[in-house]
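Quick look at what TrEMBL annotates:
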BINDING   W10, L45, E65, R122  S-adenosyl-L-methionine binding site
Amino acid sequence: MDKVFWHKCWERNALGFHQQEIHPFLSRYLENLLRDEDGHVFVPLCGKSLDMAWLAERMQVSGAELSEIACRDFFREKGIDYQSRHQGDFQLFSYDNLTLWQGDFFKLSPELPPRVDWIYDRASLVALPEGMQQAYVDKLLTFMTTDTRILLVSVEYPPEEMAGPPFPVFEQDIRRLFAKDKNLKIEKLASLVHEDKRFAQRTFDVSSLAETLYLISR
């Protein structure tokens with residue numbers, strides 16, 4: 001994902017990728033997977049995802065986002081009077097138990113957010129072209145401790161039928177990308193077929209479209 005392209009999307013309000021509802025996978029699956037000791041979830045490349053509000057009702061939330069507009073809009077659209085400050089290369093936007101780290105995700109030190117119990121990737125990996133996906137996963141793994149779990153949502157469609165983003169990522173891709181850590185267990189939890197070929201605010205001209213949920217843990 002080109003940084004200039006991403007900034008221009010937000011400047012032009014070209015947000016067809018923005019999901020306007022909370023993902024049903026959260027209430028159907030994450031609700032039952034939460035442990036009593038879980039207190040913090042990290043959301044990389046978070047945009048202004050509504051999922052973060054759902055998560056914040058259950059845990060402390062830290063999001064990482066490149067666009068300052070996205071961070072400000074997340075709070076403004078909810079009428080929240082947020083606070084902002086700078087820390088190193090990042091600008092922090094925060095309210096109560098939710099903090100957005102605005103800046104380059106690849107420069108975010110894993111020591112900066114509190115200990116991470118969950119990593120939630122709804123549409124982050126699939127936003128990146130194949131050439132960036134391994135670097136993203138490698139960075140993601142630096143935030144994992146022994147007990148950290150990843151809940152990852154991928155998008156699947158025939159790759160020859162459309163040029164992303166979002167880019168299709170299949171189970172074999174997930175297993176290849178996370179293969180460096182031999183201690184990881186990758187479990188396919190569910191698939192959601194979109195018969196209307198609609199993803200977020202866009203309808204794709206493809207023959208099939210589905211989202212698949214994975215649980216990744218040690």
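Cβ atoms are placed via backbone N, Cα and C, with glycine included.
On the structure: features taken from TrEMBL.
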residue: W10; record: S-adenosyl-L-methionine binding site; CB count, 10 Å: 21
residue: L45; record: S-adenosyl-L-methionine binding site; CB count, 10 Å: 22
residue: E65; record: S-adenosyl-L-methionine binding site; CB count, 10 Å: 24
residue: R122; record: S-adenosyl-L-methionine binding site; CB count, 10 Å: 26
Notebook entry, point to check: Per DSSP, to which secondary structure element type does W10 (S-adenosyl-L-methionine binding site) belong, with helix, strand and coil as the options?
Noted result: helix
Item checked: Largest separation between Cα atoms (Å) of residues that the record links to S-adenosyl-L-methionine, namely W10, L45, E65, R122 -> 19
